[in-house]
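Asks: Look at TrEMBL and you will find B:20-49, B:106-132, B:144-163, B:169-188, B:200-223, B:263-282, B:356-382, B:388-407, B:414-443, B:463-487 tagged as transmembrane segment. Residues annotated as domain 'DUF112' in TrEMBL: B:20-439.
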Amino acid sequence: MTRMTTRRSLLAASTLAFGLTALPALAQDWPTAPVHLFVGFPAGSSPDTIARLVAEPLAEALGQPVVVENKPGAGGVIGVQQMLAQKGDGHSIGITINGPLTTAPRLIPELGYDPQADIAPVGLIATSPLVLAVSADFAAQDAAAFVADASARPGEISYGSVGQGSGAHLTAELFAGEAGVELYHIPYKSYAEVTTAILGGEIDAGFMAPSGALPHVEAGTMKMLGITSATPFAQVPDVPVLAGQAGLPDDFRAELWNAMIAPAGTDAAVIERLNGELQTILADPEIQQKLLAIGWQVQPGAPADLADRIAADTEMWGAVIDKTEAQQ
Amino acid sequence: MTTLEGLAHGLSVALQPSILIYSLFGALLGTFVGVLPGIGAMAAITLLLPITYYISSEAALVMLAGVYYGAQYGGSVASILLRLPGTPQSAVTTLDGYPLAQQGRAGVALFTAMISSFAGSLLGIAILVLMAGWLASIATQFGAADYAAMMVMGLVAASTIGSRQPAKSLAMVVVGLILGTVGTDVNSGAPRFTFGQTQLLDGINLVALAMGLFGVAEVIANIRKADRHGPPNRVGLRELIPARDDLRRICAPILRGTTLGGFFGALPGTGSTISSFLSYALERRVSRRPQKFGHGAVEGIAGPESANNSAAITAFVPTLTLGIPGDPIMALMLGALVIHGIQPGPMMLEARPDMFWGLVVSFGIGNLFLLILNLPLIGIWVSMLRIPFRWLYPAIIVFICLGVYSVRGASFDIVMVAAVGAIGYALALAAFSPALLLLGFVLGPLIETNLRRALLVSRGDPMIFLERPIACGFVIATLALILLPLARRIRQGRG
């Protein structure tokens, strides 16, 4: 009995001692194994491209391979779930779009995680605004005329989105709410379908990525009436910002973003290291150019900035979801 | 640039040694992954994607395209020899290919599949070159109501294939339709029949369903024969050549299949699985010997195989002319182009003629290569049957698991394929047709989404299905499909 107690307390003491000395060492030596970067979208998608652009220089900086793990599904939520399901030893991190961290708790029952409690923000990577696109035949030439048209015939102008609660849907509802008009929502499954529907005249409008609309604008079959970023966007510099015009407030802004995250409880030193490497990578003009070519503006920041962004967007989109739910 | 100039220019691009090698490599890899049950073009292209960052955009595109159409060739091999479709779109080839193999005519069945695939691809290329602009305008004119009416017609036309008992056929179609409702409701965003599983929010994985119903079920059915192996016949070149009678029978189905596939391939969101099912249904309807279908009719191989290959070529129409990908694999290829800084869209033909014409010519070269490659391979494929089942089947299960997992990296799907396999075996014992379940599953979500979307567009007015000329045409055709046999029966009854 005594021997057992002794042995047990010895064991406890040694674990404690080992733990005390091991903890700081862990952060210093990290990473000790390949880092798995979870992405909730398939290969070839824009979050995946961003992840691969970041993964290569990150692997070089960390001295360990960075393996991109595509776990697509449920609007990126499965990627976050899979990251959280790994053992939390700091070697499983993720890159995700805004949805799984902001609107998912409202839209997906049995989400299985709480973005506030279970996610440690590492840093914002890049943002992408959406443009208000209409067919070239549509009468309105600018956002003010579009809003005037919409208020003259409430609920008649239709727009497509990539699904109930998607960024495209909520952005359109935010826009309609701020402009004081009523638009008619028709959900599709992909931007490809929305684009086809606008070109074919099945719907009038849609909020979509500038890079998606641009080829059709150049071909003369589509036009862009405004953009949801706070300042003009480098990829389409001629498209006017929506903020401050057509009855919209000056601080109107709706952007999609991609960010790097880790499971909550990841060593603070690891988060700091990752954030530092991320900022270095994003400072590279070549990476910035490559991201811009696929429609993303680099937007580096501290982990706390990302936490603020998550909180602000959760509130903003939450209010829009409240409004659309009340309408149903 | 005229078509001839374009082709000449394309030839100069596609014959560059580096482009040629990537094209042939892609086509070869495509055939290979097509043969392996479960592992398809999607998995291979995903694996190749990182490589494309380091090669020229033309080389990247012809290589990935090669994988895409190459997989259409390989898919039929295991369907015919083992009743294990290599890809979902070749599931329908099991219906007549496997009976032919059982009759010792595996060589003829494979030859028919290869030659039909080649002819379908070649004619598909002709459609792409001559009618790309017209098909692209059709693709944008097709609205939700038109899609809904067309798919309903397809469902009615195809709902009797592969089974002799109408009640059992209908039951399978309905089960397929019900399985197709699993996932997020597009209009409301509400989860349906997901039982709290996030993995089911995007619906049941098509590859897991197809591989379970056909692949795993077939393996279970063969467990009792574990010591045996297939007919140890050696296939010489002579056995490959179909009888003059067979050749005569496959010409018309190839032409019809190509036309059907060429049309469906160009429509975003439909694609090659639907094309092969509808082609089979069409052949059975127009055949003068429908009773032969399901017992080794070469027409039942020629039609679907030419249709899915033709569809794989014309699937590039919306992708290249509008920048709109018709299926997830096309989206993946577009992603590869975007990485190279090329934004595919309506201007691509003018801005990057080398890309468009180079790709078109590489289709021709790649398909010719596949034909030359595959004909001698038939003998080797058939000799695969001499591998004892106790070695062959465990290997197949491994490939199925790999393939299903590769779609989206979800271990959930492996559990799914096992469960579906058990159900599929039970269905086979009770003589229910898994092909019809798959048909309902593929068409159901398309019909539902487009029907509800059409009613949203029309603000609830069902007249949209009669007011739009395209939709109205399909509604009339559907009614004819239902009423004509009825009328015939009534007349016969009176007589």
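Glycine too: its Cβ is placed from the backbone N, Cα and C atoms.
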Asks: Mark yes when the transmembrane segment (B:144-163) and the transmembrane segment (B:20-49) have three or more Cβ pairs under 8 Å (sequence separation 6 or more) and no when they do not.
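Replies: With fewer than 3 qualifying Cβ pairs, these stretches do not touch.
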Asks: Please figure out which one of B:106-132, B:263-282, B:388-407 racks up the most CB pairs under 8 Å against the transmembrane segment (B:200-223).
Replies: B:388-407
Asks: Tell me, please, if the transmembrane segment (B:169-188) and the transmembrane segment (B:463-487) are in contact, taking contact as 3+ Cβ pairs under 8 Å between residues separated by 6 or more positions?
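Replies: Per Cβ check, the transmembrane segment (B:169-188) does not touch the transmembrane segment (B:463-487).
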Asks: Can you work out which residues elsewhere in the same chain, 6+ from the ends of the transmembrane segment (B:356-382), have a Cβ less than 8 Å from its Cβ atoms?
Replies: 1, 6-7, 9-11, 13-15, 19-20, 23-24, 26-28, 31, 35, 58, 61-62, 65-66, 69-70, 73, 77, 81, 106-107, 110-111, 114-115, 117-118, 121-122, 125, 128-129, 233-237, 240, 313, 316, 320, 348-349
Asks: Using a Cβ cut-off under 8 Å, which residues of the same chain at least 6 positions beyond either end of the transmembrane segment (B:106-132) come close to it?
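Replies: Hits for the transmembrane segment (B:106-132): 3, 6-7, 69, 72-73, 76-77, 80-81, 93, 96-97, 100, 233, 235, 239-243, 246, 250, 253-255, 257-258, 261-262, 265-266, 296, 298, 301-303, 305-314, 316-317, 320-321, 360, 363-364, 367-368, 370-371, 374-375, 378-379, 381-382, 385.
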Asks: Please identify the stretch among B:144-163, B:263-282, B:414-443 with the greatest number of Cβ pairs below 8 Å relative to the transmembrane segment (B:388-407).
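Replies: Between the stretches B:144-163, B:263-282, B:414-443, B:414-443 has the largest tally.
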Asks: Restricting to the same chain and to residues at least six past its boundaries, which positions have a Cβ under 8 Å from a Cβ of the transmembrane segment (B:263-282)?
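Replies: That would be 72, 88-93, 95, 124, 127, 135-136, 138-139, 142, 147, 154, 157-158, 160-161, 206, 253, 256-257, 300, 303-315, 317-318, 324-327, 435, 438-439, 442-443, 446.
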Asks: I'd like to know the mean pLDDT over the domain 'DUF112' (B:20-439).
Replies: 86
